[in-house]
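Annotated features, as they stand in Swiss-Prot:
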- 113-321: domain 'ATP-grasp' (DOMAIN)
- K148, Q195, E196, F197, I198, E199, N200, P201, G202, R203, D204, R220: ATP binding site (BINDING)
- D265, E294: Mg(2+) 1 binding site (BINDING)
- D265, E294: Mn(2+) 1 binding site (BINDING)
- 268-295: region 'Disordered' (REGION)
- 275-288: compositional bias 'Basic and acidic residues' (COMPBIAS)
- E294, N296: Mn(2+) 2 binding site (BINDING)
- E294, N296: Mg(2+) 2 binding site (BINDING)
Amino acid sequence: MKKIGIAITDPEDWTARALIKAAKEKGFSPLVFDLSDAEVRIGSGISEPASIFKAGEVLLSDLDALIVRDVGAGAFEGVSFRFDILRELEAEGVSVINSPEAIQNAANKYHASYLLAKAGLPVPETVAVQSLEAALKVISEFGDAVIKPVFGYKGKDIARVKNREIRFSDRKIEPAPVEEILEKLLEEKGMLYIQEFIENPGRDIRAFVVGGTAIGAIYRKAAAGSWVNNLSQGGSSDRCVLTDEQEKIAEKASLALGTTFAGIDIIEGTEESEENKKTEGMSSENRKSPRILEVNGTPSGKGIFDAWGINPADHILEYLKNIL
């Protein structure tokens, strides 16, 4: 029986439990552990193999495959160590999905935008800067801008800047001057990742891709009075049937970042967009064309399951069964 490791951080997480259940149903022997419990012994005193990878009682190098539900948060060196372990397990012959490179590609919003654009995929206009002067210039150019943490999740700490007012995703309009807030953010982060705000129908799309195929999608609708569509920020979900164009860019986005499974967030533009009104020579069809906001390399499958009854964990384990 093939040994499948499942790296989790929350035993009660819906997706973690779904992966464990699906692994058993596919005939695997799932070994569940937290990467924050991992330890490695290298070199002197070890005969064969040269290194020993363990997490609790799980001998990681004995695994046939490893599904990463979550790497976990923490201090820089600790998180880096976990990614090193994943890379080293790959070198030891363990099939790791998603690969550490793919997870890092998706987790870094700036680098993900670069890779998506390089692959010819549509993304909002994006500028990364390291000074207050440059940030103010970009915000003025966009008119309506969004500042996101490069390493962020669940819609937290996203700020919208419009008419010299700044509003974070979980707060009301900030009373402090924009310059003061931006300067503080620069001091904390060292750079700012700024995107044009895309006027939209009050929703975005989360498409779930497994093995290069879009298996389902949901609309995520912002809560009343909010501009952030994340479910964790109070948004709601509904069924979404992808257009051919949306399906194609979702699948290509997963490929561009190297993910085996991913949540692809897509925004639909509207013809009435202020940004689009200022864009000369752009057709109505192009004004409403979809753009990729970001890619999640460790996505939850609960939203798709609740809306459609489609269980991404079943698809992930079926994919794994076919490659082992």
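The backbone N, Cα and C atoms fix where each Cβ goes, and this holds for glycine too.
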Between all pairs in K148, Q195, E196, F197, I198, E199, N200, P201, G202, R203, D204, R220 (listed as ATP binders), what's the biggest Cα distance, rounded to the nearest Å? 21
Give the three-state DSSP assignment (helix, strand or coil) for N296 (Mn(2+) 2 binding site). strand
Using Cβ atoms only, which residues of the same chain lie under 8 Å from N296 (Mn(2+) 2 binding site) while being at least 6 residues apart in sequence? A106, A262, G263, I264, D265
E294 (Mg(2+) 1 binding site) sits from N200 (ATP binding site) (Cα to Cα, rounded, in Å) at a distance of 16
Measuring Cα to Cα, tell me the gap between E294 (Mg(2+) 1 binding site) and D204 (ATP binding site) in whole angstrom. 11
Where N200 (ATP binding site) sits in the secondary structure, as DSSP reduces it to three classes: coil
Taking DSSP three-state, what's D265 (Mg(2+) 1 binding site) in: helix, strand or coil? strand
Quick one: average pLDDT across the domain 'ATP-grasp' (113-321), no decimals. 87
In terms of DSSP three-state secondary structure, what is the assignment for K148 (ATP binding site)? strand
Cβ neighbour count (within 10 Å, all chains shown) around N200 (ATP binding site): 19
